[in-house]
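Annotation source TrEMBL lists domain 'Cation/H+ exchanger transmembrane' at 55-457. Residues annotated as transmembrane segment in TrEMBL: 38-58, 70-87, 99-116, 128-151, 233-255, 289-307, 319-338, 358-379, 400-420, 432-456.
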Amino acid sequence: MATKISNAAMFGLSPENMSSHEHLPLELDSSFLNTSTIIALCVFFALLCACIIIGHLLEENRWANESITALLLGLCAGGVVLLVRKGESSHLLKFSEDLFFLYLLPPIIFNAGFQVKKKRFFKNFSTILLFGIFGTVISFCIISLGVFWIFRKIGVKSLSLKDHLAIGAIMSATDSVCTLQVLSQDETPFLYSIVFGEGVVNDATSIVLFNSVQTLDFHNIDGLTVLKLIGTFLYLLFTSTALGIAVGLLSAFIIKTLYFGRHSTDREFALMILMAYLSYLLAELLNLSGILTVFFCGIVMSHYTWHNVTESSRITTKHAFATMSFIAETFIFLYVGMDALDIDKWAESKASAGTSAAVSSTLFALVLVGRAAFVFPIASILNCVQKRESSKIHFKQQFIMWWAGLMRGAVTIALSYNQFASYMRKSPESALMITSTIIVVLFSTIVCGSVTKPLIEAVLLRHRKPMVSDFTDNVSLEELRVLLLESGDPSNSNNNQPARRASSLRLLISHPTTTVHYFWRKFDDRFMRPMFGGRGFVPFVPSTPTGAADESSSA
């Protein structure tokens with residue numbers, strides 16, 4: 001019976017809605033195929049189709065995007081369900097964090113790593129890490145301290161220290177999905193790269209911080225508690241990344257060595273999907289960050305594994321991963337919209353409208369302050385370090401980065417449920433935290449999300465000549481190779497003395513990212529690609545054009 005209840009809860013169903021029949025699972029009237037399950041699936045799939053159609057019609061609209069469309073459709077569908085059931089019960093709209101973390105989030109994050117423009121991503125890698133890791137930690141500290149100080153004045157006094165720290169991690173998770181729908185990779189490549197990279201790293205960092213908070217014992221707080229928190233955070237960060245890289249390399253080695261494509265391209269595609277998902281499950285099994293693991297697994301697979309499969313598999317995987325990610329994203333916003341009208345949690349909070357508004361306003365104000373506290377200072381520090389004017393992040397870009405990161409989404413709601421749902425019936429303030437989180441998500445997504453695209457057009461003037469180039473004049477790899485071989489002192493160019501090789505350390509200081517990329521490319525070409533394949537590796541498959549050409553040439 002427990003398995004049947006969990007299967008029903010996966011689709012937002014409650015035990016009360018399940019059939020009372022206790023037949024064998026193979027019978028057609030079993031609880032897994034009851035009417036409530038079929039109705040829930042029909043509603044969600046119909047709404048998914050409606051979101052795709054409406055999103056296509058609103059593609060050029062300045063004020064709407066698919067995330068907002070899905071959220072509003074979810075709210076409307078939730079209202080219809082409440083009317084049909086006369087407001088008696090809304091358990092059909094129950095949010096399941098297991099469904100989100102196990103089935104919906106992995107394809108989104110994996111596709112983000114698989115489709116990322118690696119050259120631009122790693123070109124701005126140091127900037128992305130500063131905003132994504134250090135920025136998130138700063139936001140976490142400010143929100144946690146603000147909640148601890150302000151909530152007591154509002155009257156919310158029953159939350160523990162772990163709850164306050166958890167709220168800081170929950171509210172630090174941005175919604176990069178909605179943001180990237182209004183940013184153009186072609187018109188604003190630098191901003192897109194920074195916001196995209198920071199969004200993924202931010203989500204991973206927030207979840208790592210959340211998991212770190214859960215592992216600590218706050219009943220015995222001493223001077224080592226902060227050090228333990230930092231140590232746990234760094235451990236989860238590096239081990240999760242290493243696991244994702246290891247699984248990605250293993251998939252590349254297996255596919256390159258065994259040549260699955262000579263018999264079946266379906267096996268190649270299936271193995272890539274299963275190993276990517278396996279990396280996420282292994283990370284969760286080992287209490288690591290599944291988001292960080294599957295993200296770097298996607299990057300490694302796109303760099304090595306994808307080039308080892310046949311041409312037909314390359315086309316299939318690219319579109320299949322993007323499609324699964326798109327459906328999962330839309331499903332999440334529909335789910336969040338419908339869950340927002342779950343009247344049970346609003347009743348269990350037992351909070352007045354004034355208290356609920358005060359808590360929600362406090363949380364969103366802390367989000368505003370927490371993001372501003374690291375975006376502008378970190379950007380100013382980077383501007384002081386950068387020598388080139390074109391490499392600096394101007395104030396208009398800083399403002400867009402600050403605004404684009406204000407939206408909160410499904411990760412925030414899922415973490416909030418993870419922290420407070422089990423205590424919701426015992427503590428009304430736990431239910432208040434969930435409802436306040438929903439208000440923040442709805443407000444930030446609908447209001448901030450609808451204003452972002454017009455704001456970008458007004459502030460950045462993207463239809464005019466850009467004021468700042470997106471690092472296009474940085475030294476290239478070929479120029480760096482010449483610098484490494486030529487003399488570092490131009491005064492010696494007219495003498496007969498042999499040219500002195502430029503110092504690698506000096507080049508690393510002057511062009512750190514490009515220099516690291518240059519030496520990585522040399523290491524990659526010499527050691528990694530011969531073992532794991534990658535660009536330039538063409539598997540011999542007789543059914544492919546490459547294989548046919550090889551056969552004709554050998555004949």
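A Cβ is built for glycine as well, from the same backbone N, Cα and C atoms used for every other residue.
TrEMBL annotations: computationally assigned, not manually curated.
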*asked:* Checking distant contacts: for the transmembrane segment (128-151), what same-chain residues at least six beyond its ends satisfy Cβ-Cβ under 8 A?
replied: 121, 157, 159, 161, 164-165, 167-169, 171-172, 193-194, 197-202, 204-206, 209, 237, 359, 362-363, 366-367, 369-371, 373-375, 378, 382, 401
*Do the transmembrane segment (70-87) and the transmembrane segment (319-338) come close, with at least three CB pairs under 8 A (pairs 6 or more apart in sequence)?*
yes
*Report, as numbers and ranges, every residue of the chain located at least six residues beyond the transmembrane segment (319-338) whose Cβ falls under 8 Å of a Cβ in that stretch; write 'none' if there are none.*
12, 44, 47-48, 51-52, 66-67, 70-78, 81, 93, 95, 99-100, 103-105, 107-108, 110-112, 114-115, 177, 269, 273, 409-410, 413, 438, 441, 445
*asked:* Quick test of the contact rule: Cβ under 8 Å, at least six residues beyond the ends. What residues does that give for the transmembrane segment (233-255)?
replied: 133, 204-205, 208-209, 211-212, 268, 271-272, 275-276, 278-279, 282-283, 286, 288-290, 292-301, 304-305, 308-309, 531-534
